[in-house]
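Presented below is the structure to which this report refers.
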Amino acid sequence: MYYPLVRKALFQLDPERAHELTFRQLKRVSGTPLEFLVRQSVPTKPVSCMGLSFKNPVGLAAGLDKDGECIDALGAMGFGFIEVGTVTPRPQVGNDKPRLFRIVEAEGLINRMGFNNHGVDNLIENVKKSHFGGILGINIGKNKDTPVEQGKEDYLICMDKIYPYAGYIAINISSPNTPGLRSLQYGEALDDLLAAIKDKQTELHQRHHKYVPVAVKIAPDLTEEELIQIADSLVRHNIDGVIATNTTLDRSLIQGLNYCEQAGGLSGRPLQLRSTEVIHRLSQELKGRLPIIGVGGIDSVTAAREKMAAGASLIQIYSGFIFRGPGLIKNIVTHI
């Protein structure tokens, strides 16, 4: 497989520069006859989830294609679903660089990107141009300069705009890189947000005559009590799914490694066990009342099976995709 050679070259570069270079090349082939250069044949293994039919259970997690620039090229690699974003109502540059770090020895990444994106309107134009045959999820967040108390308005603005174009909508309230965002996961703030989102979903369902499911993405850094409360809120508000988990602030598994002290969210293999534990506990609490999309450190067939055994109906990859390449998609779908 060619990817080890590509990876070796890319890993000589700054991580964000490598990402930009890769996406520049993918944009050139996306939606063109040159897509065959990245296409691979992946078995069809249909999964029904959130009322949708997925051609296979392996998806791309949000954060890689924030602006939906390479949907078709990524789709050609065999993903059953792709989640673009996180996107915000207005464009924003994100946090200062450098803001992305490879923990190569641990096959992890630390990012403090800060929802850098070109805004929801730009994303929609890119989605309109795409021809991806799988399910497209759109992940939404709030702008950094929107006060947390008014944060729900940003989610509602985004929902209003993306609803006709989304297969499902992911509500990101768990990024550690937007100040105050994670506070929306708790108590009255969560109930208030979920009630508003559910009302908006009902309104948009009637307006567009189609039902677009909503999933909420949660953090791994939750106590058992917090997890139980979140599960209860999701069920009470009839949310359609939960994505577990986002990146972690915990550094216990990468102590002493290069960049371990960098601020931001840690993903990849060091997150694997904790995210699986959260999925397992969530599954016990939810008792099948809403499905779980499992994400966090999936870099092998074994890791994917562990997520599904813990209770995930679908899985997503990101860091594992960076470290292992497109072959990981085919490998998991074939052997899961």
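Quick reminder: no glycine exception, Cβ is built from N, Cα and C everywhere.
If you check Swiss-Prot, you get these features:
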type     : residues                                                                                                 : note
BINDING  : ALA62, GLY63, LEU64, ASP65, LYS66, THR86, ASN139, ASN172, LYS217, THR245, GLY268, GLY297, TYR318, SER319 : FMN binding site
BINDING  : LYS66, ASN111, ARG112, MET113, GLY114, PHE115, ASN172, ASN177, ASN246, THR247                            : substrate binding site
ACT_SITE : SER175                                                                                                   : active site, nucleophile
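Looking only at the recorded positions ALA62, LYS66, SER175, LYS217, the one with its C-alpha closest to ARG112 (substrate binding site) is SER175. Cβ neighbours of ASN172 (substrate binding site) (same chain, under 8 Å, six or more residues apart in sequence): ALA62, GLY85, THR86, ASN139, ILE140, GLY141, LEU181, LYS217, ASN246. Packing around LYS217 (FMN binding site) is summarised by its Cβ count: 26 other Cβ atoms lie within 10 angstroms of its Cβ, all protein chains included. Neighbour counts were taken at the CB atom with a 10 A radius for the binding-site residues ALA62, LEU64; the maximum falls on ALA62. The two recorded residues GLY114 (substrate binding site) and TYR318 (FMN binding site) have their Cα atoms spaced 17 Å from each other. Residues near LYS66 (FMN binding site) in space but far in sequence (CB under 8 A, at least 6 apart, same chain), listed by position: VAL84, GLY85, THR86, VAL87, ASN116, ASN117. TYR318 (FMN binding site) sits 15 Å from SER175 (active site, nucleophile), taking the C-alpha atoms as the reference points. One way to see the shell of the substrate site is to take the Cβ centroid of LYS66, ASN111, ARG112, MET113, GLY114, PHE115, ASN172, ASN177, ASN246, THR247; the remaining same-chain residues with a Cβ within 8 Å of it are GLY63, THR86, GLY94, SER175, PRO176, THR178, GLY264, GLY265. Long-range Cβ contacts of the residue listed as 'active site, nucleophile' within its own chain (separation 6+, distance under 8 Å): THR86, PHE115, GLY141, LEU181, ARG182, ASN246, THR247, GLY265.
Long-range Cβ proximity for GLY268 (FMN binding site), meaning a same-chain Cβ under 8 A and a gap of 6 or more residues, is found for ILE103, ALA106, GLU107, GLY108, LEU109, GLY297, ASP299, SER319, GLY320, PHE323. TYR318 (FMN binding site) carries neither a helix nor a strand DSSP state and counts as coil.
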